Amino acid sequence: MHKIGLIDYGMGNIHSVTKSLESLGEEIILIKNFSESKACKAIILPGVGAFDPAMINLINTDLIIDLKNWINSGKSFLGICLGLQLLFESSDEGKVQGLGILKGKIQKIPNIVNQRIPHMGWCELLPTKTNTLLELEELNNWVYFVHSYHAIPDDFSIIAAQVNYGSEKLTAMIENDNLLACQFHPEKSGKTGEKLLRRWLSNIQ
């Protein structure tokens with residue numbers, strides 16, 4: 001069992017993430033101040049909603065410097081959905097600067113015939129490299145998405161998995177050293193989500 005810090009900044013699906021991790025035997029500590037993270041082995045930044053209000057909430061709760069220090073120190077970190085997007089420098093959705101931990105930006109999902117926005121529902125993960133959650137050739141991992149914007153990193157090598165969206169492929173997962181982030185919702189992805197969370201937890205130092 002680990003103590004996992006869940007950043008509580010008013011924009012996260014706190015209940016479902018907590019319930020999912022507690023079902024795996026983990027202890028969850030809600031973090032509104034980083035003094036509460038001292039006993040934690042990993043931090044999760046969840047997120048649902050819009051980019052600007054989320055960043056403003058992080059700014060107003062004075063969590064940004066400590067969050068960056070946590071990630072830069074090499075400790076385990078997981079971003080979920082909007083929690084992935086906030087890691088980048090900016091978003092077409094708003095005007096507030098992102099955390100800038102990752103270089104790149106968040107763009108509106110392109111309009112494609114017969115594809116709806118938001119991109120919503122169950123889709124198969126397509127690994128682009130062997131990573132903490134998936135082997136390169138591992139298929140049949142279907143997970144739940146709901147988003148209207150997607151990440152375009154400057155360094156494509158940090159993309160760990162993609163998802164098909166019509167003729168396009170969108171970023172589904174990012175991995176950069178100790179930082180892992182999912183555009184999909186593992187906590188809403190049934191047995192597959194449980195399996196992926198178990199793999200992440202097993203890699204926590």
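Even glycines carry a Cβ here, placed using N, Cα and C.
Taken verbatim from Swiss-Prot:
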type	residues	note
ACT_SITE	C81	active site, nucleophile
ACT_SITE	H185	active site
ACT_SITE	E187	active site
DOMAIN	3-205	domain 'Glutamine amidotransferase type-1'
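Within 10 Å of the C-beta of E187 (active site) we count 24 further C-beta atoms, all protein chains included. If you take the C-beta of the residue listed as 'active site, nucleophile' and look for same-chain residues 6 or more apart in sequence within under 8 angstroms, you find N13, P46, G47, V48, V146, H147, C182, Q183, F184, H185.
On the 0 to 100 pLDDT scale, the domain 'Glutamine amidotransferase type-1' (3-205) averages 95 in the predicted structure. The number of other CB atoms found within 10 A of the CB of H185 (active site), across every protein chain shown, is 21.
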